[in-house]
Amino acid sequence: MLQTLYSYFWWERLWLPANLTWADLEDRDGRVYAKASDLYITLPLAFLFLIVRHLFETYVATPLAGLLNVKEKIRLKATPNAVLEKFYAATTKHPKQADVEMLSKRSGCSVRQVERWFRRRRNQDRPSLLKKFREACWRFTFYLIAFIAGMAVIVDKPWFYDLREVWKGYPIQSMLPSQYWYYMIELSFYWSLLFSIASDVKRKDFKEQIIHHVATIILISFSWFANYIRAGTLIMALHDSSDYLLESAKMFNYAGWRNTCNNIFIVFAAVFIITRLVILPFWIMHCTVVYPLDLYPAFFGYYFFNFMMVVLQSLHIFWAYLIIRMAQKFITGKV
């Protein structure tokens with residue numbers, strides 16, 4: 001049964017254009033092609049990233065936070081109360097008025113004391129400023145290095161300047177060592193983000209972040225299987241181009257450098273909109289949707305890859321809406 005499922009999963013018509021088989025992508029004559037087995041290394045690398053991250057946050061981000069005078073706000077702790085704690089943990093952190101009155105009778109506290117207790121208890125669970133700074137510092141460092149490395153990988157390639165070159169000779173396109181390591185490191189990093197998302201600071205777009213990480217992992221993996229490596233490197237570098245700006249703005253925000261934070265955020269918003277709402281849909285997605293059809297008929301892999309691109313683009317539109325709202329508040333002085 002497993003062998004049957006394996007055969008169906010790796011059926012050439014799902015992954016490759018018509019008249020091509022996996023045999024066409026076997027290494028020969030000094031040419032090396034991407035293989036699914038190459039991605040096994042990304043899981044141990046993801047755990048290595050988690051270890052490196054812990055060391056980085058402890059020995060680099062924490063001292064840097066001290067240098068930037070990142071200060072914690074003093075938070076009053078809620079007094080121990082078994083009745084209120086049980087309701088807080090099992091039912092809701094935001095009780096309605098009827099619940100507050102019921103808890104007041106059960107706990108022997110006044111309504112005002114119950115409301116104050118829940119307010120303080122919620123504040124206890126809020127992530128510390130230092131934790132936020134350390135996370136932003138780690139992501140800033142990775143995204144900046146990844147962007148520089150990504151540009152080094154693609155800037156001297158002909159398909160960086162002429163997107164039709166992305167599909168020249170597809171899928172018989174030999175893989176370069178730089179492309180291999182760029183893919184392995186990027187995919188490992190996103191695995192590590194998915195593994196740590198439960199313990200990281202939980203933000204308002206928590207669900208969207210999970211969808212983004214899963215869609216990114218699927219896109220990177222699929223583009224590797226189907227030898228969409230040239231398109232994949234362009235997409236990854238494009239995404240990294242704005243992320244480090246956002247993380248640096250967060251770091252300055254946590255350090256209390258408001259003007260610096262606001263200025264970087266405005267630059268980030270401009271770069272994000274240009275790369276994610278202009279270049280990605282009108283150049284990169286045009287390249288992945290239109291140009292391949294000049295070479296071969298559409299197949300399942302073609303539809304699947306572009307569907308996942310649409311999922312990512314939908315998330316970009318959602319985030320762009322939030323970013324534009326925030327930028328308007330900065331410009332009008334409402335923040």
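Along the chain as shown, the residues are counted starting at 1.
Note: Cβ is positioned from N, Cα and C throughout, glycine not excepted.
Feature annotations, reproduced from TrEMBL:
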- 39-56: transmembrane segment (TRANSMEM)
- 67-128: domain 'Homeobox' (DOMAIN)
- 69-129: DNA-binding region (DNA_BIND)
- 131-332: domain 'TLC' (DOMAIN)
- 140-160: transmembrane segment (TRANSMEM)
- 210-229: transmembrane segment (TRANSMEM)
- 264-284: transmembrane segment (TRANSMEM)
- 304-324: transmembrane segment (TRANSMEM)
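Across the domain 'Homeobox' (67-128), mean pLDDT in this model comes to 78. Sequence-distant neighbours of the transmembrane segment (140-160) (same chain, 6+ residues past either end, Cβ-Cβ under 8 Å): 56, 166, 168, 176, 178-179, 182, 185-186, 189, 230, 233-234, 236-237, 240-241, 243-244, 247-248, 250-251. Taking Cβ pairs closer than 8 Å, the transmembrane segment (39-56) reaches residues 137-138, 141, 184-185, 187-189, 191-192, 195-196, 221, 224 in its own chain, all 6 or more past its ends. For the DNA-binding region (69-129), residue counts in helix, strand and coil come to 36 helix, 0 strand, 25 coil, using DSSP.
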